[in-house]
Amino acid sequence: MLLIPAIDLKDGQCVRLKQGDMDQATIFSEDPAAMARKWVDLGARRLHLVDLNGAFAGKPKNLEAIEAILGEVGDEIPVQLGGGIRSLETIEKYLDAGLSYVIIGTAAVKDPGFLRDACSAFAGNIIVGLDAKDGKVATDGWSKLTGHEVIDLAQKFEDYGVESIVYTDIGRDGMLQGINIEATVKLAQAVGIPVIASGGLSNIVDIEKLCEVEDEGIEGVICGRAIYSGDLDFAAAQKRADELNGELDDA
């Protein structure tokens, strides 16, 4: 089970939002590259970046910070990024800069042909981000709820060739209420590609619960507010996940 620290970028700073609200941003660092270094030194094996300004603008907006992070840790671990990815040119630019994966969210829902083209042009590098509330997919920085069922879209996008799915329960994100394990497992069981859980991770108990269902196809979990607020000790949590993984493998 991969524990993947999130670095959310707003105006070049590392922040956390409450339920995707740009007006409710807490700044945790003015040096995102130093934050990336911290998580890698604590044992992170992948990083999750979000260009928050980009998500709302529809184009890259935190390039300098992203390049600084890649310069710091990009040679050591895979880095994935979402937010504002709406063109093949943007994907190519990001992959050339050293990103391992790009996450397509809103654009995948609104323009499935773009996602299909991206999977074809950059096979193995495309992750789809599905943000849902009560099983329905949301777009545009969570501001619009669609009528699409998350499982229907996930299966369609799997057919296109996406590498994995980041599934966020937006009712819980940034609220420290616990991961929606049931919904995440349901999605993972419905597809044959890995699912990365996101939204609401609050403590070590969530990690233990996720490890129990890892074999359903849950590859990892994105760690946001809990590791910044101190509710979750990242290094201890990754160690615990590895221990549980070993125990389950031995069973």
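Even glycines carry a Cβ here, placed using N, Cα and C.
The model shown is predicted, which means the values in this text are computed figures rather than measured ones.
As recorded in Swiss-Prot, the features of this protein are as follows:
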- D8: active site, proton acceptor (ACT_SITE)
- D131: active site, proton donor (ACT_SITE)
Rounded inter-Cα distance in Å - D131 (active site, proton donor), the residue listed as 'active site, proton acceptor': 16
Chain-internal residues near the residue listed as 'active site, proton acceptor', provided their CB is under 8 angstroms and they sit 6+ positions away: C14, V15, R16, L17, L49, V50, L52, G224
